[in-house]
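Asker: This is the structure I have questions about; it appears just below.
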Amino acid sequence: MDDSQNGVQVGENKFISKSAILSHLKTYNLYYEGKTLQLRHREEEGELIVEGLLNISWGLKRPIRLQMQDDHERIKPPPSSTSWHSGCNLDAQSQEGAKQTPPPIEVTPPPDQSENNMMKEDEEDEDYDASSQLLRTKSDAGVLRRANRRSPSDQRRIRRHRFSINGHFYNHKTAVFTPAFGSVTNVRINSCMTTPQVLRVLFNKFKIENSPDEFSLYLVHTSGERMQLKRSDYPLIVRVLQGPCEQVCRIFLMEQDLGEEVTYDVAQYIKFEMPVLQSFITKLKEEEDREVQKLRTRYSYLRCILEKQLQCQPEGSTCM
């Protein structure tokens, strides 16, 4: 009861004292001193809350699908006005532009020049029509039309308001792909978020279309030991308790049906080559045979004693 009231919850019916968490947190922040992976903590109504970035490694064997990019949606003008913005009225601008037009000059241009002027006017009209239908992202702060046109590379960079998975952005040709195994990403979470909540934050960050329920987080050690985090676990607290060094332990995102837990006893044999493992099996088989032979000898001896006692029992009864 005291642990549940004064401690920090690690999982279902699992608590740890605040002093132990703060000690681990101090070591964690010293390891990442001067880096963005340092964690902060605060108390709200007596509850200790830790927050910061959590590194997650990709360990998927099947491809994932990214959602359609948001910048394909057009920003519609409000129904009560024809302006793109409350302070930007296109009709008013067009009227002002009409008032500021210079008086006509009676100069007869050559025929080819008039044709060029007409072509330029047509191009300007097309550019204006295209600009009114620009595909804008929801994250654009301003919607005013700028006089200077950006280069295609700048426009592509502005449209990318979503995070990339190791440099991979969404496009129609590579919407389905598998992230490089072992590559690292991170999400900003707190110690009150359970495993399903962390998965939803990760999938929302990269606009992944797959359901988070199909995946799970695994705690993978360099020894090969692999433990699946339960739905009631708190990944950030688990990371702090495991220590900051990712060369010893990492958190992987894996498919729930393909991921497999590996105990420590099994993990210590995984990295050996097949001939070495075969020799281990041979020695274990020999040891098993020796133990079986010992048991057989022992029980054969006990059986003989019992048979002798049974044979002597009638003679003893007659003697009495």
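Even glycines carry a Cβ here, placed using N, Cα and C.
Feature table excerpt (TrEMBL):
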type: REGION; residues: 72-158; note: region 'Disordered'
type: COMPBIAS; residues: 81-98; note: compositional bias 'Polar residues'
type: COMPBIAS; residues: 101-112; note: compositional bias 'Pro residues'
type: DOMAIN; residues: 170-258; note: domain 'Ras-associating'
type: DOMAIN; residues: 266-313; note: domain 'SARAH'
Asker: When DSSP states are grouped into helix, strand and coil, how many residues of the domain 'Ras-associating' (170-258) land in each?
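Answerer: Helix, strand and coil residues of the domain 'Ras-associating' (170-258) number 22 helix, 27 strand, 40 coil.
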Asker: Per DSSP, what is the helix/strand/coil residue tally across the domain 'SARAH' (266-313)?
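Answerer: Its residues fall into 45 helix, 0 strand, 3 coil.
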Asker: State the mean pLDDT for the domain 'Ras-associating' (170-258).
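Answerer: For the domain 'Ras-associating' (170-258), the model's average pLDDT rounds to 89.
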